[in-house]
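Feature annotation from TrEMBL assigns active site, nucleophile to T207. As annotated by TrEMBL, substrate binding site applies to R235, V236, G237, D238, T258, G259, D260, G261. Under the heading signal peptide, TrEMBL lists 1-25.
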Amino acid sequence: MEGAPCICLVLFLLKLLACVVEMKAELPLVINTWPFRNATEAAWRVLEAGGSVLDAVEKGCAQCEIDQCDGSVGYGGSPDENGETTLDAMIMNGNTMEIGAVAQLRRIKNAIGVARAVMEHTKHTFLVGESASLFAESMGFMREDLTTNHSRSIHSKWLDQSCQPNYWKNVVPDASKSCGPYHPFKGVKNEKQSPLQQKINVHNHDTIGMIAIDKAGNVAVGTSTNGATHKIPGRVGDSPIPGAGAYADSVVGGAAATGDGDIMMRFLPSYQAVEYMRMGSDPTAACQKAIGRIQKYFPNFFGAVICANSTGSYGAACNKIPGFKEFHFTVFRMGLSKPIDEVVICI
């Protein structure tokens with residue numbers, strides 16, 4: 001009987017090893033917001049070939065920029081009030097905590113590529129506007145027109161319907177009825193909105209947010225978007241903001257968000273979700289908690305978060321509002337021959 005404890009210990013260690021192997025069998029993993037399969041597959045091919053998670057995220061988000069995913073990523077979509085399309089993007093290395101980000105990028109189609117150039121060729125984290133575009137050109141990125149016939153048509157129709165909807169408030173002339181230029185309204189604040197003055201929703205704004213994890217558990221995240229349609233020129237949403245649009249820590253995992261960036265960036269939901277996972281929450285619970293924090297203040301906001309931990313478990317959550325009761329995201333992991341669409345019911 002003296003050998004019984006040793007046998008039990010060996011069996012326990014074997015079971016523990018089996019659990020570890022089972023969890024690791026889920027890696028590598030690519031997960032991204034919305035059913036953007038081409039982007040997921042592009043990222044997966046990089047990991048499958050032994051490429052880095054940064055290469056995978058860049059390639060995946062760049063594919064969406066090429067495909068103009070839903071018209072809300074890449075060139076030729078979401079024109080601002082002047083009819084111009086500008087791009088926001090971010091990439092983060094979960095091993096080194098290095099980040100590269102750009103916002104209000106003009107004339108350059110490969111926003112995620114420029115974001116990575118910021119990370120790898122400067123000591124900065126975030127470049128914006130015309131200066132970001134000049135930086136991109138100095139790094140060899142091609143100067144191109146981001147406007148298309150489609151984006152011109154969107155802008156023209158918006159002007160024809162008295163610039164509705166828009167994102168102004170407490171101004172004269174009445175932004176709910178007419179176009180600008182606007183000036184501050186100096187009387188009692190009036191934040192009433194016409195039926196056309198809708199918040200950002202699934203019909204006028206998406207973002208690709210991507211998480212990539214390789215076999216060793218290295219994590220990287222990235223985002224790319226052309227922002228909200230008819231945004232006030234100069235507006236930057238949550239996508240390029242570290243901790244808001246996405247966040248990664250290879251010790252824990254990664255998260256990415258999509259939705260009404262003007263609301264979501266105030267809560268840093270991606271950072272918060274990673275911290276929830278750090279404290280022991282599984283990915284689904286972490287995403288739900290991040291959404292719940294925003295719900296307390298803005299119960300009718302449009303948004304969703306995806307989460308994955310460094311062992312390959314993943315989940316998502318979204319806020320339930322009229323017209324948005326479930327959220328679709330895409331996954332490619334070991335054992336699959338192609339990316340799959342997954343759905344989560346909003347809370």
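Each Cβ is built from the backbone N, Cα and C atoms, and glycine gets one as well.
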Practice prompt. From the binding-site residues R235, G237, T258, pick the residue whose C-alpha lies nearest to the C-alpha of the residue listed as 'active site, nucleophile'.
Written response: T258
Response to the item:
Cβ neighbour count (10 Å, all chains) around the residue listed as 'active site, nucleophile' is 32
Response to the item:
Between the two most distant Cα atoms of the substrate-binding residues R235, V236, G237, D238, T258, G259, D260, G261, the distance in Å is 16
Response to the item:
Excluding its own, the Cβ atoms lying within 10 Å of the Cβ of R235 (substrate binding site) add up to 18
